[in-house]
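What Swiss-Prot records for 333-355, 581-591 is compositional bias 'Polar residues'. Marked as domain 'bZIP' by Swiss-Prot: 499-562. The glycation site feature in Swiss-Prot is assigned to LYS464, LYS474, LYS489, ARG501, ARG571, LYS576. The feature phosphoserine is assigned by Swiss-Prot to SER40, SER214. Annotation comment: Swiss-Prot describes LYS598, LYS601 as N6-acetyllysine. Among the features that Swiss-Prot reports, region 'Basic motif' is placed at 501-520, with the record citing sequence analysis. What Swiss-Prot lists as region 'Leucine-zipper' is 524-531.
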Amino acid sequence: MMDLELPPPGLPSQQDMDLIDILWRQDIDLGVSREVFDFSQRQKEHELEKQKKLEKERQEQLQKEQEKAFFAQLQLDEETGEFLPIQPAQHIPSETSGSANYSQVAPIPKADDLYFDDCMQLLAETFPFVDDNEVSSATFQSLVPDIPSHIESPVFTAPPQAQSPETLIVQVATAVLDDMQDIEQVWEELLSIPELQCLNIQNDKLAETSTVPSPETKLTEIDNYHFYSSMPSLDKEVGNCSPHFLNAFEDSFNSILSTEDSSQLTVNSLNSSATVNTDFGDEFYSAFIAEPSTSNGMPSSATLSQSLSELLNGPIDLSDLSLCKAFNQNHPESTTAEFNDSDSGISLNTTSPSMASPDHSVESSIYGDTLLGFSDSEMEEIDSTPGNVKQKGPKTPSVWPPGDPVQPLSSSQGNSAAARDSQCENAPKKEVPVSPGHRKTPFTKDKHSSRLEAHLTRDELRAKALHIPFPVEKIINLPVEDFNEMMSKEQFNEAQLALIRDIRRRGKNKVAAQNCRKRKLENIVELEQDLDHLKDEKEKLLKERGENDKSLHLLKKQLSTLYLEVFSMLRDENGKPYSPSEYSLQQTSDGNVFLVPKSKKPDTKKN
């Protein structure tokens, strides 16, 4: 036999290759390319599709991140439902930006640079809690002559070292200027933070700093400041000090200041130590202010103690307050102007006429609210009703100091009180301000317009600002033809036209959104009703099913009882009953019952 040479089993033969080519040509003729059968080609296409899919997912993720970053810069308008750009926080300019001393402008930091904890740390580092009176005290002590050793002064001590006053003054002035520039820069940074813009922060030191033209003026300012800071401690002990100490104090202090400055300084110091306004000082504290020719800048201890006892022990009639300058709207401002014009460069909160002490606020609130029994709304109603210029109500009771018994008035005092009451009744009615520092009463009829403007929407405020003669409701709710006719009758500029179109567009969008929400709510309510109906029907069907199961179970029980009863009545040829394990009863469609054995051979017996 001839042996046939077979090709290796791993390689196809030439005949197989020809056959494969023939089959491929047939597939190509049928529209199938050869790449369909190429596994490597299909794998490359699969990898390419996978890369395209991953690239698409990456692009979608990038687009989502861009949209998220874009919407983070917008805020949702609850009124119209559209997104508006967030307005950056405006920088609050400092009150001392126009000062001649400090022309340095601090850079405005970003809103995220400083937080509350950083601000507190910055304040703690900038403002160390030490007594600033040490420098001024040392400066003043260097110019005060030596006090005898047998007099113990609680305020002044001997200078620790001998140094020329001019050198010390120049050093102190330079240090104070540097510190104040740093303080101004710190406050500029603090006021630019959005978290602290809601606070009405006022820097008294920066607002009340004046120029220092010469070392002599700086010396006067330092000494005057120390004199003011030591006045509250001297008030309690001025009656017990010896005349020798008072004379030494007056001589040393008046040698520095002129007569005009010392008299003006006395007025301001008494005004600030008593924490009252200049208007109240003219009425109640006239005995405290001494003339330069008589007291030489300092009140005597007898006058001081007598005036204090009269003021504290005497009754205060609230009807007299209506005659006071502080409660008079058209009182002259010459006294305040004189006090503001100071050459010593010291300001004791008298530059701002609207600033009042807490005592005045309490007194005015008691006088205007508690004793008269009026609230803000009641005062507005009284102002708005005609015929209320002159009213006679219950007499205002006098206020006595706590702990003192009420003493009966003498005949002269009663006559004077009656005269004052009649004068107050005949005087034209003037409204009581919130505090004596206010020039105008807050209870004016302008409140009604301001309250109405507070309830206006943003579109109404814009339309009012651009003087659009149509109401916003008319712009939104008019049909197209009526709206075009209304617009053709007026001439508008570009800003007004853009605002009108914007108002109408957003109003229509708002109405459409409301209608959409209304339809959705109606659909939700309808679905809830259908769901409740289906629940009721389900409960009803479950109840019927339970009843049917019960009746079916009862029928089966009755049927089994009947089956056993009929089966027990059957007998075989020998008169024996049939065994239920071997036979069973079956009923045909015509109603006949047969006894059928359970074996395969049916041995039927008809009854």
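Glycine residues also receive a Cβ, built from the backbone N, Cα and C atoms like all the rest.
Model confidence over the domain 'bZIP' (499-562) is summarised by a mean pLDDT of 94. Of the candidate recorded positions, LYS464, LYS489, ARG501, ARG571, LYS598, the one lying closest to SER40 (phosphoserine) when CA atoms are compared is ARG501. Here the recorded positions are LYS576, LYS598; the one with the fewest Cβ atoms within 10 Å of its Cβ is LYS576. Looking at ARG501 (glycation site) and LYS464 (glycation site), their Cα atoms lie 15 Å from each other.
Annotation for the glycosylation sites LYS464, LYS489, ARG501, ARG571: lowest Cβ count within 10 Å of the residue's own Cβ, LYS489. Here the Cβ of LYS474 (glycation site) has 12 other Cβ atoms within 10 Å, regardless of which shown protein chain they belong to. Under the three-state DSSP scheme, ARG571 (glycation site) falls in the strand class.
On the backbone, the CA of LYS576 (glycation site) and the CA of LYS489 (glycation site) stand 118 Å apart. Neighbours of SER40 (phosphoserine), defined as other CB atoms within 10 A of its CB across all chains, total 8. Residue pair LYS598 (N6-acetyllysine) / ARG571 (glycation site) shows a Cα separation of 17 Å.
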